[in-house]
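I'd like to ask you about the structure that follows.
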Amino acid sequence: MSNINYAPTIWSRADALKVNENDPTTTQPLVSPDFPVMSDTVFIWDTMPLRELDGTVVSVNGWSVIVTLTADRHPDDPQYVGANGRYDIKRDWEDRHGRARMCYWYSRTGKDWIFGGRVMAEGVSPTTREWAGTPVLLNDKGDIDLYYTCVTPGAAIAKVRGRIVTSDKGVELKDFTEVKTLFEADGKYYQTEAQNSTWNFRDPSPFIDPNDGKLYMVFEGNVAGERGTHTVGAAELGPVPPGHEETGGARFQVGCIGLAVAKDLSGDEWEILPPLVTAVGVNDQTERPHYVFQDGKYYLFTISHKFTYADGVTGPDGVYGFVGEHLFGPYRPMNASGLVLGNPPAQPFQTYSHCVMPNGLVTSFIDSVPTSGEDYRIGGTEAPTVRILLEGDRSFVQEVYDYGYIPAMKNVVLS
């Protein structure tokens, strides 16, 4: 279907050694432990603003819409009540992934979100878990394609089409009833469950390439191959300093940012392409990849964790980025290391699952914030929005806004 040739960009161990967790220009400001919670009845985490295929965050008839991974809170469930008779919110929070559902929220102000409910009714999605993706407004009729990940059994990139209906009182997402599976990991470019039982394959983010006008999608994957068989060679090492040639068990970390191209703009048929960026020997997770197109450059962002780094390299939970002049690369790690926005060392788990929007605003959710002593407070709610400035290959943290502030860049009036 396509005749596309390119070599993946390698995020090397030498690049990762440049990560500086104490650089104030790439550190997310501290989140206060007295943060507000947007709901007492549900946890939210990965947040997906409604957008168009060029990345523009949109409102519809004046209503902003976000989709979130959502799970009920269980304060009265006996399995989450500790020996002291109190609600064990930590365990409830840690169990959320197995019951993740796509839910939506709406707002007139780009904050103060009102809960709308499930996007898909129970039983519509073919798997037990609904994991992250991207909601795309297709036209001024209100049609929406929700790209997402069907997980357990297996993991597949899928989409479901529905529509948005608005009134003076609120928003309804309707008719999301038929899920179309698009593709799964192929074993040639992307690791399968058979090759590695803890494989990663998820988080579709479709976009129109501003240069060729075609519909593509980035997603999280792992480089294909049986677990433990990958080689951390000279290219994966990069120009490391003396004493850093030993890689330990780094061959087990094989994250990558994947790419696929659609047959046409309907997005119903896709061809899997080689990864754009590989992190063999550096990191095992490159979650929720997405683009910002600015100043003739392709800014490719992803999120990752400290605990998924390979032996001998480390970095904070947060946003990592790569920049290039062409979709197919080559890319350069932003700020020389790849780190764009990391949690502060004093609060290493305060936020995660950042989404960088074309206006420079970055949304994320609150995970856990230290309170006193060894105690901490679980979030499961929107974090303060921050703004970053992109200048060439560099980025700078600029401002902090309200919790969950996700303003529309454009309002679409339905015909």
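Glycine too: its Cβ is placed from the backbone N, Cα and C atoms.
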Of the candidates ALA121, ALA132, ALA279, ALA310, which does Swiss-Prot annotate as part of the sucrose site that also includes TRP45, ASP46, ARG202, ASP203?
ALA132
In the same chain, which residues outside the set TRP45, ASP46, ALA132, ARG202, ASP203 have their CB within 8 A of the centroid of the CB atoms that define the sucrose site?
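Sorted by sequence, the hits are MET48, LEU69, TRP131, GLY133, THR149, GLU287, ARG288, SER353.
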So which binding-site residues are near GLU287 (active site, proton donor/acceptor), with CA atoms within 10 Å, out of TRP45, ARG202, ASP203?
ARG202, ASP203
List nothing but the largest Cα to Cα distance in Å, as a whole number, among the residues TRP45, ASP46, ALA132, ARG202, ASP203 that the record says bind sucrose.
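Across TRP45, ASP46, ALA132, ARG202, ASP203, the widest Cα separation comes out at 15 Å.
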Hey, what's the Cβ neighbour count for TRP45 (sucrose binding site) at 10 Å?
23
Within a 10 Å radius around the Cβ, which one of these recorded positions has the most neighbouring Cβ atoms: ASP46, ASP203, GLU287?
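Its Cβ has the most other Cβ atoms within 10 Å: ASP203.
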Under 8 Å Cβ to Cβ from ALA132 (sucrose binding site), same chain, six or more residues apart: give me those in sequence order, or none if nothing qualifies.
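Expected: ASP46, MET48, LEU69, TYR148, THR149, ARG202, ASP203, GLU287, ARG288, SER353.
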